[in-house]
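Annotation comment: TrEMBL describes 556-567 as compositional bias 'Polar residues'. Taken from TrEMBL, the feature compositional bias 'Basic and acidic residues' covers 656-665. Per TrEMBL, the feature domain 'Poly(A) polymerase nucleotidyltransferase' maps to 22-215. Per TrEMBL, domain 'Poly(A) polymerase central' is recorded for 220-364. Sequence annotations record features per position, and here TrEMBL assigns domain 'Poly(A) polymerase RNA-binding' to 367-433. Taken from TrEMBL, the feature region 'Disordered' applies to 495-621, 634-728.
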Amino acid sequence: MREMSATGNSTLGGQQPRKHYGITSSISLAFPREIDHIYTQKLTEAMKPFGVFEGEDELNHRLAVLGKLNSFVKEWISEISESKNLPPSAVANVGGKIFTFGSYRLGVHTKGADIDALCVAPRHVERTDFFSSFFEKLKRHDEIKDLRAVEDAFVPVIKFKFDGIEIDLLFARLALQSIPDNLDLRGDSLLRNLDIRCIRSLNGCRVTDEILYLVPNKENFRLTLRAIKLWAKRRGIYSNMLGFLGGVSWAMLVARTCQLYPNAVAATLVHKFFLVFSKWEWPNPVLLKQPEDSNLNLPVWDPRVNPSDRYHLMPIITPAYPQQNSTYNVSTSTRTIMNEEFKNGLTVTDEILQGKADWSKLFEPPNFFQQYRHYIVLTASASTEENHLEWIGLVESKIRVLVGNLERNEYITLAHVNPQSFPGSKENRNENDFVSMWFIGISFKKLDNSDCVNIDLTYDIQSFTDTVYRQASNINMLKDGMTIEATHVKKKQLHHYLPPELVQRKKKSLGDINRSSNGGGSKRCSLDSSQLDSSRDTDIGTPFSSPTPISKPCQPASTPEDNSSSPPQHPVLVFMDSPPASELSQPKPEQGMSIPVIGSKPITTPVAKPPTPPAGNTIPTVVGRSVIPRLAASSPELANSVNGAPKRPHSPSLEDPPKRHKDTEVFSDDSAFKEPYPPSSNGLDGDEGQTVEALAETKAMPIPTIDTSRSQRLPSKELPDASSPIPTSNLRVIKNSIRLTLNR
């Protein structure tokens with residue numbers, strides 16, 4: 001029997017069933033045709049080679065492991081209860097339970113995926129018991145390996161492998177005397193008087209259960225979500241950490257599609273998913289149900305009350321109280337990339353349902369290393385494997401800071417980070433180092449009335465590295481040998497970093513075909529275009545000074561230093577020859593390089609030259625034993641003005657800091673919770689075209705799109721306080737002037 005949304009019309013006795021799911025009427029109530037079932041079967045077959053379905057043996061193995069873990073938890077809670085002198089009758093009924101959430105609970109986990117689980121205990125069991133006595137009990141178990149506790153995380157967790165299956169186990173203590181086996185976590189009253197860490201731990205289960213409750217047909221939802229998650233991973237847009245969407249966000253988008261087409265099967269739902277979200281007017285929020293206030297005084301997403309919530313670019317709101325935006329990391333670049341992928345997906349699924357293509361075409365990966373002329377290679381290295389795993393986790397979590405810094409540069413229209421990291425090649429690292437690399441594709445603005453222009457990336461890069469080093473110092477992670485290095489390379493130089501099969505030119509990519517069919521070049525849509533707000537949603541840039549740019553005429557030159565094989569000890573000259581036609585529409589000048597004018601040279605101590613590839617230009621930031629005194633931090637005015645600035649010319653200087661736009665907008669109605677199109681009056685197919693088209697025609701909610709209060713919404717360890725000093729002990733920072741020259 002289909003489950004019903006809390007926002008719909010209830011059914012009592014012989015009354016008519018509800019008319020719609022979610023907060024609006026359905027777009028279509030049409031039932032599937034025979035051909036739709038055939039396309040759905042073909043979709044299932046196309047996904048099988050990618051390992052998205054587990055066999056019966058693997059599923060049974062997971063169930064057995066979870067059963068053992070559940071018994072293990074009950075045994076531990078009984079032992080704790082006895083040690084705290086509870087009467088025997090209470091100990092016998094104290095209970096305890098393991099709940100699952102995430103992809104496993106949704107039923108869309110893939111082969112080898114981990115399990116997200118939650119240990120729920122009664123009120124007399126403390127969190128300290130979980131991380132002490134329970135941790136020790138796990139340590140003594142023969143089937144449990146790789147055990148580690150992260151007690152000081154935003155959501156505290158114990159990680160381990162149980163009989164070969166990776167498990168992330170959270171803990172929540174409820175204000176109950178006992179935990180029955182039939183406990184339902186969806187009730188808001190359970191959150192009363194709970195510790196904030198318990199509320200965060202419960203949130204995953206509550207959101208997952210609410211999503212499943214709000215979809216019309218669970219099986220159609222699951223198969224559709226499997227397809228969309230596979231598509232997102234193959235297209236390189238699956239990463240909450242890097243500013244794309246994570247698993248729960250994709251699940252909510254699919255769930256909303258299922259609500260709008262409640263009787264459709266998976267093949268139809270995949271197509272309708274792209275139809276709906278290629279026309280969605282962001283930043284209108286995606287809501288599965290009308291938000292409710294449980295009067296527990298917990299912070300919820302509400303742009304009428306919270307100014308910071310008005311600045312989110314792509315809000316997708318969790319359905320369980322306290323409602324939160326699951327996509328606060330999305331930036332203008334990542335939203336632009338995902339919007340184009342929605343349009344590409346619509347084009348491909350149109351072809352598939354017309355019999356012109358197979359489902360395998362939907363899962364073709366883009367050739368990221370052929371899409372851009374210029375790239376920034378971000379390299380993180382450490383001297384031991386353990387330090388490296390810790391270091392790359394921190395660096396990856398802050399890459400979105402670098403993307404945000406680059407977006408705010410007035411000459412950069414797109415900064416596209418590839419979520420996949422790559423190991424460092426032997427030729428560009430020391431023999432004993434452990435290295436990971438990320439690649440960021442850069443698109444530059446068209447030049448109109450100037451022959452060439454200097455582009456200063458000093459501040460963009462340095463503020464990112466400052467943020468990472470400050471964070472590492474705040475949590476006592478920074479160790480000798482941990483380095484970050486940013487290198488600018490051209491497409492033709494990528495073979496020094498990557499295997500040939502990744503960088504060789506392939507047949508025209510899916511994205512290029514669709515861009516060509518839309519009458520455009522191969523360049524992605526400019527961030528400055530009329531369709532998008534030019535403001536940004538990024539983390540706070542660090543307020544430290546960098547050399548003030550000096551404008552002088554550009555002079556053509558030919559220099560061998562362009563392919564230097566060692567990191568520079570002087571201000572780095574980063575050269576750019578003429579960008580491709582997709583980036584600059586002006587005629588290409590004569591072959592040659594232009595030397596940018598460099599300001600005063602920062603004083604540095606000569607360092608040993610590790611072997612590096614013979615391509616690109618490096619921005620080294622090195623941790624070593626020698627200490628170079630840092631330049632003084634910039635003035636408070638700069639510290640307060642870096643955040644949320646519009647496009648800025650070069651690096652901000654002390655004399656002319658960027659201005660922050662004041663927030664003057666006040667919401668007095670419910671427009672923040674309305675979807676960007678009117679509900680269909682009768683849910684018939686005939687109204688579908690007008691209903692979906694209204695997505696594009698209706699004016700979006702007037703929400704500015706700069707997040708200026710991220711530091712207030714996130715914990716101090718997620719984003720360090722901007723006033724924290726950069727560590728000077730055991731840290732050497734080489735500050736170089738990083739400037740590009742862009743020819744017309």
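The backbone N, Cα and C atoms fix where each Cβ goes, glycine too.
A TrEMBL annotation is a machine prediction, not a hand-curated record.
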What counts of helix, strand and coil residues does DSSP assign across the domain 'Poly(A) polymerase RNA-binding' (367-433)?
29 helix, 18 strand, 20 coil
If you average the pLDDT over the domain 'Poly(A) polymerase RNA-binding' (367-433), what number do you get?
88
Secondary structure tally of the domain 'Poly(A) polymerase central' (220-364) (DSSP, helix then strand then coil):
74 helix, 6 strand, 65 coil
